């Protein structure tokens, strides 16, 4: 099931089919959709024109939620690394949009510099103004997870009108801009503080039309007991039903997404299964990137077609000389009737039309005499794209599915969940770490506590001097650390990759667990000072 976690091929490279589909979509957009957008000023009413970076960029995940629901902690949990410039706390700590992306060195890039970078897909954020750009930044860091995806952290959503006004920019509009371009939207809720404020309701409304991308996470679920959790889950589903305008039920993942011990471990097994489901969704993003781009382009093309019919109809109804302003007001007032007339005349689905009230507001600021009449050739090219050109790309997409078995999100928490005895299915898989050789004479830092760990080791009844994965797992789970963390510890400790722990490897695992419980991080690769003395020659020869 997790075959894409196996390493192979150059990391970060896209399969040929993905590049082929992406380049074909860019060509179709430039030749058949963009001319129609420019002719009918689509960007002035909806989203601005797409650029190459919008097609070539990595899949993006948008993380949104009210303040102190654990958004930044969730991202750091996925990366198993702190994000430069981020703060974590019970108060509203993230006050800006942060694009967490891969970079060779750690650092931050301010928003004004970010929107002029042609290699980044953020150039079209410039119209939101300087107030927003001062609240937008990019955090770059070398992390394996970010080689496959980028993550957008958002400001904590507040309650009360004063906080909404004080932002100084159109927060829902910015969310809508990101929602159109990201591959996945994760809405975080706090199980211990469940509420949906007015601004959060408005923010969820801004995501309308992108419900297929939304995943809901009920975070901090380890803070409540089983019976309370069931009630919180029911209350969340009821609240979501009031603010999400679809009859379908959103997928809700329950868990505690941080690397600290579970406060109430009763539902540990549930949290493990939910985490694996969520991780599978995220891991599949690179494999389905081309399909998502195609889907979004078709969705955009259908909206552009409707927009062209609306604008050309308004142009046709305008008088040539007198009474232009009065006629404009009448047409805007009658816009719902015009929508219905266009729908019947051109056999268009009601779901393809924009929001009528918002369209009326936008039309007030435009001069109808500058609109263009219907241009059949442009619409014929668009129809050809939707009916023939897109259909020709489907075999390439199926080929991409076959070629992308080794492409997926790796590293961070995604790797730790599937290590050693923490693998849900199949035997342990040996994986190369690529550590540098160790010094045989270096002192082992675990030695001073080994007698304490040996007592625990022999109480667990090892067979032939080694603990099986199942026995070791039983003891390790008792520490209440998440499975993803314990999986990383197992990977670091099972130095000889035999799927078992001897006394030295068990002592190393215990040492790493204690370090984690004290708040320290885990190394990406095992430093030479931590390699057990008896394994140093074995490790060096294996490499």
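Each residue, glycine too, has its Cβ placed from N, Cα and C.
Here Swiss-Prot flags 3 (among others) as phosphoserine, drawing on similarity to another entry.
As annotated by Swiss-Prot, domain 'Dynamin-type G' applies to 55-286.
The region 'G1 motif' feature in Swiss-Prot is assigned to 65-72; the stated evidence is sequence analysis.
According to Swiss-Prot, the feature region 'G3 motif' maps to 153-156. Mean per-residue pLDDT, taken over the region 'G3 motif' (153-156), amounts to 88.
Look at Swiss-Prot and you will find 438 (among others) tagged as phosphoserine, backed by a large-scale study or a structure entry.
Look at Swiss-Prot and you will find 449-537 tagged as domain 'EH', backed by sequence analysis.
Take the CB of residue 468 (phosphoserine) and look out to 10 A: across all protein chains shown you find 15 other CB atoms. As annotated by Swiss-Prot, phosphoserine applies to 468 (among others), with the evidence given as a large-scale study or a structure entry.
Under the heading phosphoserine, Swiss-Prot lists 470 (among others). Under DSSP, residue 470 (phosphoserine) is assigned to a helix (H, G or I) in the three-state scheme. The number of other Cβ atoms within 10 Å of the Cβ belonging to residue 470 (phosphoserine), over all protein chains shown, comes to 8.
Note: the domain 'EF-hand' (481-516) comprises 25 helix, 1 strand, 10 coil (DSSP; helix = H, G, I, strand = E, B). What Swiss-Prot records for 481-516 is domain 'EF-hand'.
Residues annotated as phosphoserine in Swiss-Prot, with a large-scale study or a structure entry given as evidence: 484 (among others).
Counting every protein chain shown, the number of other Cβ atoms lying within 10 Å of the Cβ of residue 493 (phosphoserine) is 25. Marked as phosphoserine by Swiss-Prot: 493 (among others).
Residues annotated as Ca(2+) binding site in Swiss-Prot: 494, 496, 498, 500, 505. All protein chains included, residue 496 (Ca(2+) binding site) registers 16 other Cβ atoms within 10 Å of its own Cβ.
Sequence annotations record features per position, and here Swiss-Prot assigns region 'Disordered' to 523-543.
Residues or ranges marked as compositional bias 'Basic residues' by Swiss-Prot: 534-543.
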When distances run from the Cα of residue 498 (Ca(2+) binding site) to each of the modified residues 468, 470, 484, the nearest one = 468
Query = Using Cα coordinates, what distance in whole Å links residue 493 (phosphoserine) and residue 505 (Ca(2+) binding site)?
reply = 5
Remark   = binding-site residues considered: 494, 498, 505; fewest surrounding Cβ atoms within 10 Å belongs to 498
Task = Within the same chain, and leaving aside 494, 496, 498, 500, 505, name every residue whose CB is within 8 angstroms of the centroid of the CB atoms belonging to the recorded Ca(2+) site, in sequence order.
result = 466, 493, 495, 497, 499, 501, 502
Query = Among the recorded positions 484, 494, 496, which ones place their C-alpha within 10 angstroms of the C-alpha of residue 470 (phosphoserine)?
reply = none
Note = Rounded Cα distance in angstrom between residue 494 (Ca(2+) binding site) and residue 468 (phosphoserine) is 11
Query = Which residue counts does DSSP give the region 'G1 motif' (65-72) for helix, strand and coil?
reply = 2 helix, 2 strand, 4 coil
